[in-house]
Structure formats: C-alpha cells, structure tokens
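Peer 1: Per TrEMBL, domain 'G-protein coupled receptors family 1 profile' is recorded for 39-289. The transmembrane segment feature in TrEMBL is assigned to 20-46, 58-80, 100-118, 138-156, 204-225, 237-259, 271-291.
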Amino acid sequence: MLNQTSVTEFLLLGMTDIQVLKPVLFVIFLAIYFLSLAGNGAILIVVISDLRLHSPMYFFLGNLSCLDICYSTVTLPKMLENLLSTHRAISFLGCMSQLHFFHFLGGTEAMLVPVMAFDRLVAICKPLHYTVIMNHQVCIQMAVTVWLFGFFHALLHSVMTSHLNFCGSNHIHHFFCDVKPLLKLACGDTELNQWLLNNVTGTFAMGSFFLILLSYFYIIIYLFFKTHSCSMLHKALSTCASHFIVVILLFGPIIFIYIRPASGSSMNQDWIVAIMYSVVTPVLNPLIYTLRNKEVKGALRRVIRRRL
C-alpha cells in the first residue's frame, strides 16, 4: 500500500524554461525517438522473421531491441508532451509507475549486456562446445532470469520510494520520475532509500560492468595467443571496441548518477547524464551492434524484398 502523503501529483520541470528552446528540443528528441523505434523495431522484425538469425546471439539482440523500444517509451513521450505543454503534471501513481518501469527496463538491460558478452566469449573461445553450452533452454533460462532480476530490483526501489512521505514541494527537477530527485522532495528520513540506491544499485551496476570487462578481456587474451591471423584479430578487436562503446555509454552515466553521494550531485548534471543512457544509448545500440553485421544487413534486405 502506498504511504499517506499530501502530494497527489508532481510537476516535471524538465530540461529548460527557455520557451524558444522547447520547439527545437522537441524536434530533436522526436527524431531520436523515431530513430530508436525504427532501428530497434527493424532488428526485432528480422530476428523474429528470418530463420537464419535464430541463434543465441540474435535471440539476445532481439531482447535488447525490445528493451530499448520500451525503455525509450517510458520517458520520451512524456518529455515530448511536457516540451509543448504548460501543464507538466504527473500523478503520484503515474510517477511511481514511470520510476518502476524505468528501473525495471534499465536494470534488465544492464544484466543483459553481460549475458551477451558471455555469449560472444563462448562463441569465440569454445566454438566446438558453443551449441551445447548455449542451447535453446539455457538461453531462455538466462533471458527469464535477467528480466525477473530487473523486475524485482525495480520493485524494491518503487515500493520503498512510494512509502516515503511527500508533504512539501512537488517540483521534480528532472524530465522523468527517478529515485534521486524524489528523495530530495521527501519529508522524512531517506537514509535507507539512499543506502539502497548507492549500495544495491551500485553493486548491481559495478558487478555487471566487471563481468563485461572480464569477458572482453578474456576474448582479447585468447585471440592474442591463439590466433595467427592478423585480420581475424583486428576484426575481433574492432567488434569488441564498438561493443565497449555501448557499455561505456550505458554504465558510465549509471555509475556517475547512482553511486555518487547525494550531497555531491547536481540536478542539472543528473538530467544531462541521464539523457546519455535513457535517450542516446537506445538509438546507438542498433547502429553499433548491426552496422557491420553482414547477417543482419542481409536479413534486412530479404525482409524489404519480401515487402515490395
């Protein structure tokens, strides 16, 4: 049950109060949103429809694209609405729902990327055992575990935040409902909430980041000592580097926002950094994971030819 509170709605102050900038920002973020939907939607369609892409790698890539579509949709439509509207209110329940789904989808993605790195590690370092280790049942179990872990991690924050007492200002200095801005508005003791944010979410993020680093480090070391082909090594390093850009863009801002002490944070810094992992990363994922992927590009061409 939600805590009794005098606040029934919050006002999302957004990124700027300068009126001339709002239409410009609206066009920019609307274009980004459509690019995210189009790019991730295209990947999802080809992964489902093309039998040649029914493999563990593309199964997880399809999960990532599904996550990115939903992840963008949690924050961007409301932000776009507020850029054109003078009424920037969101109900208490709506705010808690947005907070929950933002952390649910973000947490799931943060767990899925290490799984994808592990899949690449097995494919490259254990090619003869790949189909045995990464069989269909194992892939399903890993995906379900990741989604469930993300859900319960988000549930922890949404339940704990909803039980806080909000009796003062209802102005959120952000473009969506998140834990840190809401903690600044709470009247009671928020020490436990802050501890959970810094330690649970921090450990969660750092653990995932460490597993990704470990996987790619092992791949690079393995290829360096095992392969005698410079072109193969260069290709693998290039692929790892492009994937690592996604990792930095996703985990860098998360670590910056959720592990820093609340006293050392600035709301202006937080929403700028939040744009990186909530808006930019979902657009870049399709480009980085598929731009040089001949199989996906070939599948896209086949789908387009069938539609014509």
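Count begins at 1; order follows the chain as displayed.
Glycine too: its Cβ is placed from the backbone N, Cα and C atoms.
Describe the structural context of each listed feature in the structure shown, including burial, neighbouring residues and relevant distances.
Peer 2: Within its own chain, the transmembrane segment (20-46) is flanked in space by residues 53, 61-62, 65-66, 68-69, 72, 76-77, 79-80, 83-84, 279-280, 282-283, 285-287, 289-290, 296, 299-300, 303, which lie at least six positions past its ends and keep a Cβ under 8 Å from the stretch.
Nonlocal intrachain contacts for the transmembrane segment (58-80), taken as residues 6+ away from its ends with a CB within less than 8 angstroms of a stretch CB, comprise 12, 14, 26, 29-30, 32-33, 36-37, 39-41, 43-44, 47-48, 90, 98, 101-102, 105-106, 108-109, 112-113, 115-116, 119, 139, 143, 146, 175-176, 278-279, 281-282, 285-286, 289-290, 295-296.
Through the fold, the transmembrane segment (271-291) approaches residues 15, 29, 32, 35-36, 39-40, 42-43, 61, 64-65, 68-69, 71-72, 75-76, 102, 106, 173-176, 178, 242-243, 245-246, 249-250, 252-254, 256-257, 297 of its own chain, all at least 6 residues removed from its boundaries and within a Cβ separation under 8 Å.
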Peer 1: Quick one: average pLDDT across the domain 'G-protein coupled receptors family 1 profile' (39-289), no decimals.
Peer 2: 86
Peer 1: Sequence-remote contacts (6 or more beyond its ends) of the transmembrane segment (100-118), Cβ cut-off under 8 Å?
Peer 2: 57, 60-61, 63-64, 67-68, 70-71, 74-75, 142-143, 146-147, 149-151, 153-155, 157-158, 176-179, 201, 204-205, 208, 211-212, 215-216, 243, 246-247, 250-251, 254, 277-278
